Amino acid sequence: MEALKNKILNEGTVIGSEILKVDSFLNHQIDIKLLNEIGQEFKKRFAKNEITKILTVEASGIGIACIVAQYFNNIPVVFAKKHDSTTMDNNAYEAEVFSFTKNKKYKVRTSKKYINKEDKILIIDDFLANGNAALGLIKITRQAEASIVGVGIVIEKAFQNGRECIENEGIKVESLAIIKSLIDNKVVFK
Ligand code: G4P
């Protein structure tokens, strides 16, 4: 997706050789025009699929998923919660996720009320690195016996193995910008 690639080249900053910071349009300030184009592009890529809900994980996934959902007939967005909260339903699906970026484990939880076996789920997230967040959402969807239509990612880092892990589960991955390397502060697309 050209507009996204240009935005990454113009505004992204590289940290070390593995992290791309995109706070000016995706992870802190949000570019709504670009998110609408992202929504249209996901709609194109999953045009042939019936989708009943979008599943994502807090925090950055939520804004993206909400705009994307508008291009899929305003279907509901469900986000997995990462933090314990007194208002969280105890009757929940749960999966453990290991974050390489943060070097720690956390749990993702979704109330059983909001995903059921009739659902056809599109998983949406901002980044695909090692795939652990997406795999957590896949586990939750499978616990609910819902079907998974695919995983839609805004920025994939192809030098990490997230895509392989998800495809090994038999699930389609669609990424809008695929980064081959981030060496010497340079973003190289695949
Ligand atoms: P994984 O899910 O693909 O295995 O990735 P990992 O555990 O390494 O990533 C943990 C967090 O860091 C996720 O966000 C993920 O989206 C984000 N992340 C991974 N690589 C990059 C990168 O190159 N740049 C940026 N900006 N983020 C990256 P999170 O902790 O869940 O954050 P948030 O959604 O709460 O903001």
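Backbone N, Cα and C atoms are what each Cβ position is placed from, and that goes for glycine too.
Annotation comment: TrEMBL describes Leu20, Asn27, Lys157 as xanthine binding site. As annotated by TrEMBL, 5-phospho-alpha-D-ribose 1-diphosphate binding site applies to Ala129, Asn130, Gly131, Asn132, Ala133. According to TrEMBL, the domain 'Phosphoribosyltransferase' annotation covers 24-158.
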**OP:** With DSSP as the reference, give the number of residues of the domain 'Phosphoribosyltransferase' (24-158) in helix, strand and coil.
**Re:** 41 helix, 46 strand, 48 coil
Original post:
Can you tell me how far the Cα of Leu20 (xanthine binding site) sits from the Cα of Asn130 (5-phospho-alpha-D-ribose 1-diphosphate binding site), in Å?
Top reply: 14
**OP:** Tally every other Cβ atom lying within 10 Å of the Cβ atom of Gly131 (5-phospho-alpha-D-ribose 1-diphosphate binding site).
**Re:** 25
**OP:** Quick one: average pLDDT across the domain 'Phosphoribosyltransferase' (24-158), no decimals.
**Re:** 95
Subject >> Candidate with sparsest Cβ neighbourhood (10 Å radius) among Asn27, Asn132, the listed binding-site residues >> reply: Asn27
Original post:
How far is it from Asn132 (5-phospho-alpha-D-ribose 1-diphosphate binding site) to Lys157 (xanthine binding site), counting Cα to Cα, in Å?
Top reply: 13
Subject >> Sparsest Cβ surroundings (other CB atoms within 10 Å) among the binding-site residues Leu20, Ala129, Ala133 >> reply: Leu20
**OP:** Between any two of Leu20, Asn27, Lys157, the residues recorded as binding xanthine, what is the biggest Cα to Cα distance in Å?
**Re:** 16
Original post:
What is the interatomic distance between the Cα atoms of Lys157 (xanthine binding site) and Ala129 (5-phospho-alpha-D-ribose 1-diphosphate binding site), given in whole Å?
Top reply: 6
**OP:** Tell me the Cβ contacts of Asn130 (5-phospho-alpha-D-ribose 1-diphosphate binding site) under 8 Å, same chain only and six or more apart in sequence, or just say none.
**Re:** Phe100, Gln160, Asn161, Gly162, Cys165
Original post:
When DSSP states are folded down to helix, strand and coil, where does Leu20 (xanthine binding site) land?
Top reply: strand
Subject >> Non-site residues, in chain order, whose CB comes within 8 A of the mean position of the CB atoms of Ala129, Asn130, Gly131, Asn132, Ala133 at 5-phospho-alpha-D-ribose 1-diphosphate >> reply: Val97, Ser99, Phe100, Leu128, Ala134, Leu135, Gln160, Gly162, Cys165
